[in-house]
Amino acid sequence: MDLDVSLECNISYNKCAKIDNENNISEPDFNRGCWKSFVDLCWPTEETPVLSLIIPLLLIASVSIGTNTLVCVVFYLYSQLRLIRHYFVINLAVVDVVIAAVLIPLFVASQLAPENIILCRSQIVLDIACGTASILCLVMISLERYVAVKYSLHYHSIVTQRKAIFGMVFIWTYSAIVSCTAFLSLVKNSNNSKNLLQCFFLSRGYVTFITIASFISPVCVMTFAYWNMFIVARSHARRINSQSTQCDPEGSGHSKRRLKRELKGAKTLTIIMGTHFLCWCPLFVFLSCLHVHVFTGNEDIYSY
């Protein structure tokens, strides 16, 4: 029978292990007290159905693979879409394909075999890597739009193919570094007779690290880019309006249309950034606030 490794069960286990540690009990007694409650809660007598979890996840993965692969195919087939400003959008689509094709199946496998520490840790590391890469893609998109609005006359000299490729390499390298450092903080408490897995816990220091590296810093950069983008756009709009009655009205009209096009794209990406922020913010707030005292000394550890 598989052990339930939900957060509630981890908290229950940590509580019982701490009680045993305080009373110098080396072997847990699963027939009474705290440990009996733990067994009743997390060691069900009947097989827990998993189809309700697996089927929706696989459906989501299938839709995500199909739609994001279609985006990549369209980018490849139509040369007019192969613009530098689309590189990071395609990179974001690739991240989503990796999440759907690799991460979700890995998560399902780790739920079916919760005692497998390799699956558990691989899922955590890949999850952090893909999440970080996804956020960094939005950062690069925001910076590219910022350059397009503020330095429109020098855009092609600033945003080059070489710099875009370097940006994508940076995204994956940075994400790999952030995620691989998770191995330094993963905790496995093996001081029990049934070797209950504590893989889902990360140290306080690492939770703080990924919160800053994968969420707070990127959000600050995106906020800076979009805020300055709208300031520049408003300044340009006022300047164009003041010059519209002067000479070269056709030129001012062209500038207006170009500014509106760039601003429309910026507004769309701002909506995307806001949605992304609302989706990720609860996770990092949860990781930053939730702490559980466990049978590992005085260190606080967090559930991921």
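All residue numbers here begin at 1 and follow the chain in the order shown.
Glycine is treated like the rest: Cβ placed from N, Cα and C.
Summarising the annotation, TrEMBL assigns transmembrane segment to 53-77 (among others). Using a Cβ-Cβ cut-off under 8 Å and counting only residues 6 or more beyond its ends in the same chain, the transmembrane segment (53-77) has close neighbours at 86, 89-90, 93-94, 96-97, 99-101, 104-105, 107-108, 111.
According to TrEMBL, the domain 'G-protein coupled receptors family 1 profile' annotation covers 67-304.
The transmembrane segment annotation in TrEMBL covers 89-112 (among others).
Under the heading transmembrane segment, TrEMBL lists 124-143 (among others). Same-chain neighbours of the transmembrane segment (124-143): 88-89, 91-92, 95-96, 98-99, 102-103, 106-107, 167-168, 170-172, 174-176, 178-180, 182-183, 186, 199-200, 202, 210, 213-215, 218-219, 221-222, 225-226, 269, 272-273, 276, 280, 304, counting only residues six or more beyond its ends whose CB sits under 8 Å from a CB of the stretch.
Residues or ranges marked as transmembrane segment in TrEMBL: 164-186 (among others).
The transmembrane segment feature in TrEMBL is assigned to 206-229 (among others).
According to TrEMBL, the transmembrane segment annotation covers 268-294 (among others).
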By a Cβ-Cβ criterion of under 8 Å, what residues six or more beyond either terminus of the transmembrane segment (164-186) are in contact with it?
-> 84, 87-88, 91, 121, 124-130, 132-133, 136-137, 140, 199, 201-203, 205-206, 209-210, 213-214
Mean predicted confidence [pLDDT] for the domain 'G-protein coupled receptors family 1 profile' (67-304) = 77
